[in-house]
Amino acid sequence: LKCHKLVPPFWKTCPEGKNLCYKMYMVATPMIPVKRGCIDVCPKNSALVKYMCCNTNKCN
C-alpha cells in the first residue's frame, strides 16, 4: 500500500500491518490536512479533529 505524505504528490510505502491510508484534519479547516500517512486502525473522530481512512493506494 502506498499512502501520500503530508504534501502530495510525495508518498511512502506503508510498513507491514499498516494497511490504511489516513488524513487528519481539523473540523474548522477541512481543506487543510494536519497529518497524512499510514495507520493500522482508523482513529475515532472528535469534536475538533476528523480522520479520513481508506485502503487503496494514494487515496488519502
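Cβ atoms here come from the backbone N, Cα and C positions, even for glycine.
The disulfide bond feature in Swiss-Prot is assigned to Cys3-Cys21 (among others); the stated evidence is similarity to another entry. DSSP assigns Cys3 (disulfide bond) to a strand in the three-state reduction.
Following the DSSP three-state reduction, the secondary structure of Cys38 (disulfide bond) is strand. If you look up Swiss-Prot, you'll see Cys14-Cys38 (among others) marked as disulfide bond, on the strength of similarity to another entry.
As annotated by Swiss-Prot, disulfide bond applies to Cys42-Cys53 (among others), with the evidence given as similarity to another entry. For Cys42 (disulfide bond), the count of additional Cβ atoms within 10 Å of its Cβ stands at 13 [all protein chains shown].
Among the features that Swiss-Prot reports, disulfide bond is placed at Cys54-Cys59 (among others). Proximity of Cys59 (disulfide bond) to non-local residues of its own chain (separation of 6 or more, Cβ distance below 8 Å) is seen for Cys3, Cys21, given in sequence order.
Put plainly, the disulfide-bonded residues Cys3, Cys14, Cys38, Cys53, Cys54 were compared by Cβ crowding within 10 Å, and the winner is Cys3. Cβ neighbour count for Cys21 (disulfide bond): 24 (other Cβ atoms within 10 Å of its Cβ, all protein chains included).
For Cys38 (disulfide bond) paired with Cys54 (disulfide bond), the C-alpha to C-alpha distance reads 10 Å.
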